Amino acid sequence: MNKQASQPRAIYYVVALQIWEYFSFYGMRALLILYLTNQLKYDDNHAYELFSAYCSLVYVTPILGGYLADKVLGNRMAVMLGAFLMAIGHLVLGASEIAPTFLYLSLAIIVCGYGLFKSNISCLLGELYQPEDPRRDGGFSLLYAAGNIGSIVAPIACGYVQEEYSWAMGFALAAIGMLAGLVIFLCGNRHFTHTTGVNKAVLCARNYLLPNWGWLLILLVAAPLLITVLFWKEWSVYALIVATAISLVVLAKIYRQAQTAKQRKELGLIVTLTLFSMLFWAFAQQGGSSISLYIDRFVNRDILGYSVPTAMFQSVNAFAVMLCGVVLAWLVKESVSGNRTVRIWGKFALGLGLMSAGFCILTLSARWSAAYGHSSMPLMVLGLAVMGFAELFIDPVAMSQITRIDIPGVTGVLTGIYMLLSGAIANYLAGVIADQTSQSAFDASGAVNYAINAYVDVFEQITWGALACVGVVLLIWLYQSFKFKSRALAVES
């Protein structure tokens, strides 16, 4: 085997942890909107609001998580601490079936754990490569695709356990998965000795009467309580506004920190990619909310007398990501010629185009439901699979570019900002979009027809919105291609 072409051994432990984190996070996510509407009897508006608030805040905390990793914890310790908190949160969520007051607290604990984990797992992977290592893109595609093994199995396993036993057991299974991933990761600890560890000097330094480790403990207790209040009072939108304002200030600081035109150009590319990623995910995140309730209410899920649990459909998207991601990871080493910026915009155009095609298929499904009362399952599966394939041309490309930037000490923060816009703001926008399909009652036939037509309208609008984004990205791609060819001709002459 060519050792230069093979991936670092440490990547397999990172991938294993990612698999189980996906299992934990997406197993719970597949159940959450259904739990709120079917078990806790929230109306659609309330369920969408809480679901989008949760999905938004899990992407706000990576900014703080990235900062703590860069300055104090290091990526490895931040990832381990985040995994532990997420497992605790899922266990508490299971108890909310008995005591609903635990609902907000459990979601808050998961949000804090996710903040420490999500941005720093990618940065930890980035530490395994040199900046221009040709294996880097393949490693990120492998991480993204292999992680989806967990998100394929999770909706099936958690959905089945919930259906056969209870909601609490479904959430507990998600917690067990996260703990299993943490144990596996700890077994490979010796392969990460060259990565950044805990900054003991900063951790032990005193600030305002207490050492920093004391302030860190206070933060770990206070943050979940504060986020619980945000859920309870429905103040999450204000948190997003504050986080966005802080991020703009941080971006301006990083821009001033850039010392060369090349660094400023790289930062500008990352910001532009982030904005298009935000729009992409505002569309894609319908999968856990409006699409999930659409499947639950208007898709014929019967196979030979067995009704497929709605949560299991979340596996379709993940299966498409994994299958196509493995192929892309193999092909990427054959596609390293030409200008990198041109390739990036070409991939983004393809990803947004596939998202538009996926929602076009869902629009056909919704029209079928409007005509016949229920849509066919194969059409739904096809649409979800196309949307899953689209993901491979967005996040791995953007994350790889962020970890490549040549400005010291900013990758964690930039990753957190990327998560804020493409995750938090995108999920808030996704909630606004999903709310257009809300219906509190489906008893009268008129209400049912109205609900189906609402899904038709929303899915069709997303189709055209994604297509418009493709047009803009293609213009950028053509401009970059022309500029690259002009420079090549100038060099030859």
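Cβ coordinates are placed from backbone N, Cα and C, and glycine is handled just like the others.
The transmembrane segment feature in Swiss-Prot is assigned to 14-34, 49-69, 91-111, 138-158, 167-187, 212-232, 235-255, 312-332, 344-364, 379-399, 413-433, 458-478 (among others).
Among 212-232, 344-364, 379-399, 458-478, 379-399 has the largest number of CB pairs under 8 A with the transmembrane segment (312-332). At the 8 Å Cβ cutoff, the transmembrane segment (91-111) and the transmembrane segment (167-187) share at least 3 close pairs (sequence separation 6 or more) and count as touching. Note on the transmembrane segment (212-232): residues 50, 53-54, 57, 61, 64, 68, 72, 85, 103-105, 107-109, 111-112, 202-206, 238-239 of its chain, located 6 or more positions outside it, place their CB under 8 angstroms from a CB of the stretch.
Contact count against the transmembrane segment (458-478) (Cβ pairs under 8 Å) is highest for 344-364, out of 14-34, 167-187, 344-364. Looking at which of 167-187, 235-255, 344-364, 413-433 has the most CB pairs under 8 Å to the transmembrane segment (14-34), the answer is the stretch 167-187. With a threshold of 8 Å between CB atoms, the same-chain residues lying at least 6 positions outside the transmembrane segment (413-433) that come near it are 48-49, 51-53, 55-60, 62-67, 70, 118-120, 122-123, 236-237, 240, 243-244, 247, 250-251, 254, 270, 274-275, 277-283, 285-286, 289-290, 395, 398-399, 402-403, 405, 458, 462. Against the transmembrane segment (49-69), stretch 235-255 shows more Cβ pairs under 8 Å than any other of 138-158, 167-187, 235-255, 379-399. Away from its own ends, the transmembrane segment (167-187) comes close to residues 13-14, 16-21, 23-25, 27-28, 31, 35, 39, 79-80, 83-84, 86-91, 93-95, 97-98, 150, 154, 157-159, 161 of its chain (Cβ-Cβ under 8 Å, at least six residues beyond either end). The listed stretches are 138-158, 235-255, 344-364; of these, 344-364 has the most Cβ pairs under 8 Å to the transmembrane segment (379-399).
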